[in-house]
């Protein structure tokens, strides 16, 4: 990865966030956001789009929250319980969308700066795409078993997983400050889990695996793609087709033909609008890269998570306990410490 600006580092707090210094900018809410950007980097100054923080941050917050709430609505209200199919559809839509943007706008001009060889594709893009695909499928599957609010709390553990993997493989050395941060986030997530009224072991394990795959993906990006310039849309341009193909191979063994029989009931308008919102989130991420300071983006991400949890309570009737509020507050404190310290 190229050496990112401080703004870009904290942008990737979007979905999952955080990592040791140079990894720090890689994390996007995985969730994200259903389609978190696998790689992000500085675009050439001449083509980098600009938008004020006051404009793009609210747009990003709305889109990021909408993607998660919309997916949950599909899974649990409309009973379209096929996360592998839905993720595959999102990726297919994104693969087509980035290619249309490449031909009609300057948003994907960063593709010209990437020398994509067969060796690079086989050695880096494919293995990272496998981890990306697994992370997306598992994080979406968790919505079949857990509430939106509780999943957001569990996602706070991603930076801890990244640090543990980085320490294990000696990518970064442990420090007392990072140890305190790991303890805060871990104890906060544990407390939030203890207070969960509708704890489901299957959902917890699925989300935990999603966290492991997402953390592994981000660490592998740092190792394999260090110095390669990709913003959220450029990385999506390369990863979406790979992941969509991988998922297509998985569908027959996981969901079979069942989702295709349900398409008429759900309707094309729902599916197209759902994928469009997810794709718009990735476009917003490009503009977010250049907006505001790292601290502003960090606080925006925290504010978004709090709004999302509150929305889950109001819209879907999710129940959260005082113990969970305390636990998540501790975890958020650790997250803010991590982000503002640059992961050092």
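Numbers here mean position along the shown chain, with the first residue as 1.
Each residue, glycine too, has its Cβ placed from N, Cα and C.
Straight from TrEMBL, the features:
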| type | residues | note |
| --- | --- | --- |
| REGION | 1-46 | region 'Disordered' |
| TRANSMEM | 51-70 | transmembrane segment |
| DOMAIN | 53-338 | domain 'Sugar phosphate transporter' |
| TRANSMEM | 120-138 | transmembrane segment |
| TRANSMEM | 144-166 | transmembrane segment |
| TRANSMEM | 178-195 | transmembrane segment |
| TRANSMEM | 201-224 | transmembrane segment |
| TRANSMEM | 236-254 | transmembrane segment |
| TRANSMEM | 266-288 | transmembrane segment |
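If you look at the transmembrane segment (236-254), the same-chain residues 6 or more away from its ends with a CB under 8 A from one of its CBs are 35, 37-38, 84-85, 87-88, 91-92, 94-95, 98-99, 102, 108, 111, 114, 116, 125-126, 128-130, 132-133, 136-137, 230, 282.
Of the recorded ranges 120-138, 144-166, 201-224, 266-288, the transmembrane segment (178-195) has the largest number of C-beta contacts under 8 angstroms with 144-166. Here the transmembrane segment (120-138) does not lie next to the transmembrane segment (266-288) in space: the count of CB pairs under 8 Å, restricted to residues six or more apart, is fewer than 3.
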